[in-house]
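Some notes on the structure that comes next.
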Amino acid sequence: YIVAALCFAVLLEGSLSKAQLTPTFYDETCPNVTAIIRHVLVNASFSDPRIGASLIRLHFHDCFVQGCDASILLDDPVNGEKEAIPNNNSARGYEVIDAMKAALESACPNTVSCADILAIASEQSVSTLAGGPSWAVPLGRRDGFTANRTLANSNLPGFNNTLDRLKNRFSNVGLNTSIDLVALSGAHTFGRAQCLTFTSRLYNFTGVGDTDPTLNTTYLEELRQICPQGGNSSVLTNLDPTTPDGFDNNYFTNLQVNRGLLRSDQNLFSTEGADTIEIVNRFSSNQTAFFESFVESMIRMGNISPLTGTEGEIRSNCRAVNSATIRSNSDAALVSSI
């Protein structure tokens, strides 16, 4: 484990001045917040080995839409991000977040935001469940009032994205298009993906019944066994065929031998002349360098437009804004109309 609290003090200092987040935010009001979240997470992992990767994906998909405001957790039949194309029948782990929230409401009522739960759960998923680095998570986010399905459809990176499209998505939220992109993509060193996310590479890459030329031929045949043409598109396979549940640098070693499962992953290494190739090579040969960069990038991602201070609210239920908020907003609208 790499404890990054001291290593990235300078980084934190720079981001705190803007975001007002600090790892000590709950030290007085809910000192056991991380232990409570860890307990729920570990229990969930016994029956669901994918849960760690799923929760870090929720944090990622939350921060890329309106910032890290827990908007992805809202149940909203009209604007909800859960039904956005990148999330629908794909994003998961909501019930585990509910369980974490319930435990925290019991221990520290009206104190810990759903946005901070996502951030802490992501760190614990990497460090406690998967043997990856640990870090002091900057905290103090508050929860937003609205979801944005349209923005989720346009802002979230996709599994078939070209490298240029991926860079655009990262640039849109203020993240670095080389080191942040490669480091955060490294989260695909654990977890699973559905056949539908990569079968075009196996059977119809450019629409003429061909295969992706950047796909290792042995790996191609392995994947065709798992995902036969016309088969069940929701069947799961490991994102990292080498160490599927461990957080390590094998993801990058896989890319070097054309065994990246998703096109978006392989494009980091197989796009001619890309500045990401050198970073993939460096992380493949130096796991410590990957871990350090991953921690830095996770902290930067967690600092995307957080609501702090008196902005937003602390939801009592992560799936819905507080009823008092609904009433006050309605009252304000009534007053303004009069």
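A Cβ is built for glycine as well, from the same backbone N, Cα and C atoms used for every other residue.
Quick caveat, the model's predicted, so the values are computed rather than measured.
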Answer for the disulfide partner of C318 (TrEMBL, candidates C68, C108, C114) is C114
The residue that TrEMBL pairs with C30 in a disulfide, chosen from C108, C195, C227, is C108
Disulfide partner of C227 per TrEMBL, picked from C68, C195, is C195
Among the candidates C7, C63, the one bonded to C68 through a disulphide according to TrEMBL is C63
Whole-number mean pLDDT, the domain 'Plant heme peroxidase family profile' (20-322), equals 97
If you count the other CB atoms within 10 A of the CB of C108 (disulfide bond), including all protein chains displayed, you should get 16
Across all protein chains shown, the disulfide-bonded residues C30, C114 give the max Cβ-within-10 Å count at C114
For the disulfide-bonded residues C68, C195, C318, the largest set of other C-beta atoms within 10 Å encircles the C-beta of C68
Among C108, C114, P157, H188, C318, i.e. the recorded positions, the one with its Cα nearest that of C68 (disulfide bond) is C114
Of the disulfide-bonded residues C63, C108, C114, the one whose Cα sits nearest to the Cα of C227 (disulfide bond) is C63
